[in-house]
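Take a look at the structure below.
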Amino acid sequence: KPSTANKRIEKEQFLHAATPAGQRAAHGQPLPSAAGQDKGEQKEGAARPLSVPGQGTRDHPPAHTALRDRLLAAVVACFKRHGAAAIDTPVLELRETLMGKYGEEAKLIYELQDQGGELLALRYDLTVPFARYLAMNKITNMKRYHIAKVYRRDNPATTRGRYREFYQCDFDIAGQFDPMIPDAECLKIVHEILSDLQLGDFLIKVNDRRILNGIFAVCGIPESKFITMCCSVDKLDKVPWEEVRSEMVGEKGLSPEAADHIGEYVQLHGGLELIEQLLQDPKLSQNKLAKEGLGDMKLLFEYLTLFGITGKISFDLSLARGLDYYTGVIFEAVLLQQENDHVEEPVSVGSVAGGGRYDGLVGMFDPKGRKVPCVGISIGIERIFSILEQRMKASGEKVRTTETQVLVATPHKHLLAARLKLISELWGAGIKAEMLYKKDPKLLKQLQYCEDMGIPLAAIVGDQELTDGVVKLRDVATRKEVDIPREKLVDEIRRRLEP
């Protein structure tokens, strides 16, 4: 049994080991000198500097949140205009639900430690949870939208809107329908959203996994390598063909001849005339998959012509989208930018939407393997948000962070009761109202608050107004004031705030 002295020594050693100094000593790191800490080092017991939970995440202050809400409202309005219903799914999924659906990108899934017997992971996108939801509930026909955060263990590039935690805005149509009608509507939705947001010039690239697989087949690639070839081709929007070819040959074991043959196809882009050209291609026209894909692509362009949006659509054979679950049409929207006046062809500044057809995904979760054809799009809201944020910074435009319509103010002392009574009446009538939390605030300070916060109206009640049964309504922008009978105040506020 240890003595009391020994217990005290052990306790002191334990407490020392728990301090930063003790931990440094335990790992052989030097302790700070008695004269003071090294530059940039914290003193013992000092609070550690706070930071966001991890690289690739961020806090959103009120101005950011208000801008994001405005952006999401525009996207949701479009989804609702096209008849979609909203759903929500858990942020956690079983690990086995997510594995085997994302190809080489599966390494970016956040896996969680075993807690109580279940191997879990954070959702990587909203598409796989939607497919699981359809299978679990035996739903065979649905048009849905879902806006929520997803998580990727990626290398963040925050200046380009690339984070580890970010929002996705998905619209999907599930069900057996005639070919290309739902697919065309998805592309129309992307066109509407990017046009409404006025982000500048954009291009929507379309391709078909069946066409790509047909190209790989006629170039002599075994079917087992189709998905890994898609992952290589998918890099063509970021790196030149020479680098992709080098990866195919050096890392994935393709012959230089086969890689060159693939290169002849995947560098093509155009419209209906390219589709017609490929339909006449002696090799592709003999491949069943490619022929089906080209036939549907031709039909898709006919519908897009009727929608009047083919000017922003490009049939691009370099588009591959590296996810395993795509089975047919795939698409991606990119913003374009002129680097200078001498460049004839605009350059891409990044993808802001993507999606495609995934007819086999729901069947992977159904015990009987019943398939539900699906097509959908995902709007890259974080990238768009970054663009709008930079634009607002450059213009100096201020974002309103609240929706307050009226500030209830008083001009003299001892009128807190009058303010509380009036603001209660306004809240009861559904008016968004605020007041300062001081008994006797100065009128100038109250009016300054209105200007700082962008509040359009001030309802001022003083001794004279109480006596006369009126409220002085002030237009903050023009500074004009008018006395309104108390019983007509709500109606007058509503009239002034009408759009």
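We count from 1, first residue shown onward.
Including glycine, each Cβ sits where the backbone N, Cα and C put it.
Where the annotation comes from TrEMBL, it is an automatic prediction and has not been curated.
Here is what TrEMBL says about this protein:
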REGION    1-63  region 'Disordered'
DOMAIN    67-411  domain 'Aminoacyl-transfer RNA synthetases class-II family profile'
BINDING   Asp125, Leu126, Thr127, Arg152, Gln168, Asp172, Arg321, Tyr325, Tyr326  L-histidine binding site
Widest Cα pair spacing in Å over the listed L-histidine contacts Asp125, Leu126, Thr127, Arg152, Gln168, Asp172, Arg321, Tyr325, Tyr326 is 21
CB contacts under 8 angstroms to Arg321 (L-histidine binding site), restricted to the same chain and 6+ apart in sequence, sorted by sequence, are Cys230, Asp234, Ile330, Glu332, Gly354, Gly356
Comparing local Cβ density (other Cβ atoms within 10 Å) for the binding-site residues Thr127, Gln168 points to Thr127
Counting other CB atoms within 10 Å of each candidate's CB, the least crowded of the binding-site residues Asp125, Tyr326 is Asp125
